[in-house]
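According to TrEMBL, the protein has these features:
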REGION    1-20  region 'Disordered'
COMPBIAS  1-13  compositional bias 'Low complexity'
BINDING   61, 62, 63, 137  substrate binding site
DOMAIN    115-235  domain 'Fe2OG dioxygenase'
BINDING   122, 124, 134, 214, 226, 230, 232  2-oxoglutarate binding site
Ligand SMILES: O=C(O)CCC(=O)C(=O)O
Ligand SMILES: [Fe+2]
């Protein structure tokens, strides 16, 4: 497996990126300074105040629990509806949130050929908010989805771990894995991590959702808000 990280610096800071080849057609590209810092603070404040955040009840392994972070969903009209962990978010319109349209445009300029038409937003209020191991492998994104993930606010660690051959871990079936077997998995299976900075963009493409799982673990010391936007394309 080739997993060399390459550093490419262009004249603009925005274009500075780190490419991680995960092998077998999976790639992650990280743009640490994708958005200007000051503009990003304004967007963070806007999103924190203006997005109609909810903390839904989700269903995993036959149990219901409160999702351990706030969420919202924005999508083009007429797309197939998203459903994960037994929860079907209501789709808001891009027109309600002009800054999201501006961010979408910047992403489309940087990633030629991308046509994102939906956005899942997450808000981690404090360090005990998290997202457990999962992959975004819902059928409506197709077999090799490109997902662009923008982060604002508190820096949090993003972990990627090679998927075990069995069992399937998807957003629909994921749950908390804080057991000792989880620790042994972490040492056995290949793992990568990124600290997602304020104003950064991380892009997952190729077979990342099929072959890898990802998570944002709890961090006791993360005591300020983090907002994350994951842009996706629902195929028709
Ligand atoms: O907050 C993040 O960086 C990741 C969120 C995520 O994995 C998801 O929404 O599917
Ligand atoms: Fe995800």
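Heads up, the Cβ atoms here are built off N, Cα and C, so glycines get one too.
Remember, TrEMBL labels are computer predictions, not curated facts.
Remember, predicted model here, so these are calculated numbers, not experimental data.
The structure, with features from TrEMBL marked on it.
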residue	record	contacts (Cβ under 8 Å, 6+ apart)
62	substrate binding site	none
122	2-oxoglutarate binding site	69, 70, 71, 131, 227, 228, 229, 230
124	2-oxoglutarate binding site	69, 130, 154, 156, 216, 222, 225, 226, 227, 228
214	2-oxoglutarate binding site	133, 134, 135, 158, 159, 160, 161, 204
232	2-oxoglutarate binding site	116, 117, 118, 119, 120, 136, 141, 145, 147
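Among the residues the record lists as binding substrate, namely 61, 62, 63, 137, the two farthest apart have Cα atoms separated by 21 Å. Each residue in the domain 'Fe2OG dioxygenase' (115-235) gets a DSSP state, and the totals come to 16 helix, 50 strand, 55 coil. Checking the binding-site residues 63, 137, 226 for a CB within less than 6 Å of any atom of ligand 1 leaves no residue at all.
Here the binding-site residues are 63, 134, 226, and the one with the most other Cβ atoms within 10 Å of its Cβ is 226.
DSSP gives residue 63 (substrate binding site) a strand state. Neighbour count (other Cβ atoms within 10 Å of the Cβ, all protein chains): 10 for residue 61 (substrate binding site). For residue 137 (substrate binding site), the Cβ neighbour count at a 10 Å cut-off comes to 21, with all displayed protein chains included. In the predicted model, residues of the domain 'Fe2OG dioxygenase' (115-235) average a pLDDT of 89.
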